[in-house]
Amino acid sequence: MAEVNISYVSEFILKGITDRPELQAPCFVMFLTIYLVTVLGNLGLIVIIRVDSRLHTPMYFFLSHLAFVDLCYSSAITPKMMVNFVVERNTIPFHACATQLGCFLTFMITECFLLASMAYDRYVAICSPLHYSTLMSKRVCIQLVAVPYVYSFLVALFHTIITFRLTYCGPNVINHFYCDDLPLLALSCSDTHMKEILIFAFAGFDMICSSSIVLTSYLFIIAAILRIRSTQGRRKAISTCGSHMVAVTIFYGTLIFMYLQPKSNHSLDTDKMASVFYTVVIPMLNPLIYSLRNKEVKDASKKALDKGYETLKILRLSK
């Protein structure tokens, strides 16, 4: 791509989810509530996993990083989105837009591969339980988390640099509630054909690689479960993977709908609704999915709440 690093646009205007005045206040309250639940849920999950020694296992190590990623990419999008409901003209500076796009891509791609790492962890736990502690050593776990972070950062940096080296010399209204690649390309007066190919290629590669790991892991897991003769053993194995399967289905289903459909079928309004789901709703759902279906997390949460309540009682009595 031979575009010169010159832009006639110093800021963008985010159109937001809706421009209907009667929906602004209800939407603000709804998304504020969702964001608060997201922050409390993910932060709470991270804290509980860190402080409870019973949860210092590979599965919860990955889960704490998933909660961190959900918290980060929701925070990169939701606060700015809510501004659109309380101001008439929601502007974002050129460089802030680049930063938001970079953060969003980094954490979204990281989540793809973290879910794959978690699927591999479940595969080892069910298919090779006797070798679990060796195969999922601390060093291996750190590598399975570090690689997604480093890879996603490099890919996000690459895409962000290319997108913001394009020339923006005309309209600056982004038909979206955050800075995303496709809506930005619609505003560029440069040739965006190569960039569109790169988006499709990288999105396809990331989803095919990560989903292949997930799918292969679960095929082996299902085969192992079918070989278990006792009903109780099968239930225990299924409960171990149930939460992760739900989270994977929701996340990948939304991304496939968003990025791997033909260009002729793309509607920015439809994409906007899909984006709301995976940038706002999924980060809220994940801690609920993993905690409500997990006895160990529920027990640890109850223990932490009881301990906090006892501490408050002691503080009150000491006054």
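The backbone N, Cα and C atoms fix where each Cβ goes, and this holds for glycine too.
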ILE17 vs LYS236, same side of the membrane according to Swiss-Prot: no
Recorded stretches the transmembrane segment (238-258) and the transmembrane segment (100-120) touching, at least 3 CB pairs under 8 Å: yes
DSSP helix/strand/coil residue counts for the topological domain 'Extracellular' (155-196): 18 helix, 2 strand, 22 coil
Range from 26-46, 55-75, 100-120, 272-292 with the greatest count of C-beta pairs under 8 A to the transmembrane segment (197-217): 100-120
Counts of helix, strand and coil residues, the topological domain 'Cytoplasmic' (121-133), according to DSSP: 12 helix, 0 strand, 1 coil
Tertiary neighbours of CYS97 (disulfide bond) (same chain, Cβ under 8 Å, six or more apart): GLU11, PHE12, PHE164, ILE174, CYS179, LEU184
Model confidence over the topological domain 'Extracellular' (1-25) (mean pLDDT, whole number): 73
Cβ packing number for CYS189 (disulfide bond), 10 Å threshold: 14
